[in-house]
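Peer 1: Reproduced below are the annotations present in Swiss-Prot:
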| type | residues | note |
| --- | --- | --- |
| ACT_SITE | 355 | active site, nucleophile |
| BINDING | 7, 13, 16, 94 | [4Fe-4S] cluster binding site |
| BINDING | 230, 259, 280, 328 | S-adenosyl-L-methionine binding site |
């Protein structure tokens, strides 16, 4: 195995917290933390070994960079330190991202240097022009989507001609860019923040292909700027494989996919069940889900609803329960109001996928108190060299054991 050199930004940028050269050690540390966390409700010896990230380096399919500016006017485009006072880190290398992403970062820096009148956005005061630069990478072709987010406030609005300069710099490069999107962030006091999206080059999506490792079941997905998609494509397929094995489908099940995002889990698992119902609150994501259902010819197997999980569960609390509920919520977890109505639905099996095991543990305690039993726990790494760990748990109703 080749020697891996540590990144020069290690411990500074707020990304990696452990040396890139010591991946095995960081994996053991994550596993130990998970064992200690779940020991009160599940025997650590029965937790399955952590599935390592593959690839360990340059596997991230999405990365967001922040524009930053000091009071003295010093600019940076990269990451922002997690400690106070906040500082911008103008990264010149990153072992987590593809080299093409770094090229886009450098092209955008050069464009910003040519426009000193553009200031970095400062969220606390809603001031400044340039917010973030996001790069998404498709798989397996590694085509690129680039998203520039700027302020929509009139006094900080970026002229279309200046945006055109940025777009042309990207197009004139040799990079495989298939989508360029300009977003305007609309933010005001006592009003929800939203984004006006402008497609300025190519398609409004990138393609992601997922293939389950064991049986080769494959799906193609159109992912839009604000659609959720697992940050490591190969690991995302493994998560779905684990969910399938935990579900042990017989072909007659109804599956409820809460927080369905772009529909990836439901679409991939629809090959093994009778019916899938997907629920998602983000309009961009549900549009992607509907599109992906058609692309994969699953319209007779899957229904999706633009609705928050709590409202959906409340509306269906008196209906026959689904056989399996798959939950892949944001970092904040299911939350009490959703949990309350989920327990009224009372499905036989719950497969809980989480990127925040601490919240997952707390909510599993509530599920256990309500009559569920943890059957299996499978951790998986998606964020090498960081403290974050994905965890997949199978819970079954005690009366169905």
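Note that Cβ sites are derived from N, Cα and C of the backbone, with glycine treated the same way.
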Peer 1: Measure from the CA atom of residue 355 (active site, nucleophile) to the CA atom of residue 94 ([4Fe-4S] cluster binding site) and give the result in Å, rounded to a whole number.
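Peer 2: Cα of residue 94 ([4Fe-4S] cluster binding site) to Cα of residue 355 (active site, nucleophile) measures 22 Å after rounding.
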Peer 1: According to DSSP, folded down to helix, strand and coil, what is the residue listed as 'active site, nucleophile'?
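Peer 2: The residue in question, the residue listed as 'active site, nucleophile', is coil (DSSP, three-state).
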Peer 1: Considering only the recorded positions 7, 13, 16, 355, which residue has the minimal Cα-Cα separation from residue 328 (S-adenosyl-L-methionine binding site)?
Peer 2: 355
Peer 1: Where does residue 328 (S-adenosyl-L-methionine binding site) sit in DSSP terms: helix, strand, or coil?
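Peer 2: DSSP assigns residue 328 (S-adenosyl-L-methionine binding site) to coil.
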Peer 1: Counting only residues 6+ apart in the same chain, whose Cβ is under 8 Å from the Cβ of residue 259 (S-adenosyl-L-methionine binding site)?
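Peer 2: For residue 259 (S-adenosyl-L-methionine binding site), the qualifying residues are 228, 279, 280, 309, 327, 328, 329, 330.
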Peer 1: Taking DSSP as the reference, which of helix, strand or coil describes residue 280 (S-adenosyl-L-methionine binding site)?
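Peer 2: Assignment for residue 280 (S-adenosyl-L-methionine binding site) reads strand.
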Peer 1: Quick check for the class: what is the C-alpha distance, in angstrom and rounded, between residue 230 (S-adenosyl-L-methionine binding site) and residue 355 (active site, nucleophile)?
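Peer 2: One finds 10 Å between the Cα atoms of these residues.
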Peer 1: Where residue 16 ([4Fe-4S] cluster binding site) and residue 355 (active site, nucleophile) are concerned, what is their Cα separation in Å, rounded?
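Peer 2: That separation, Cα to Cα, works out to 16 Å.
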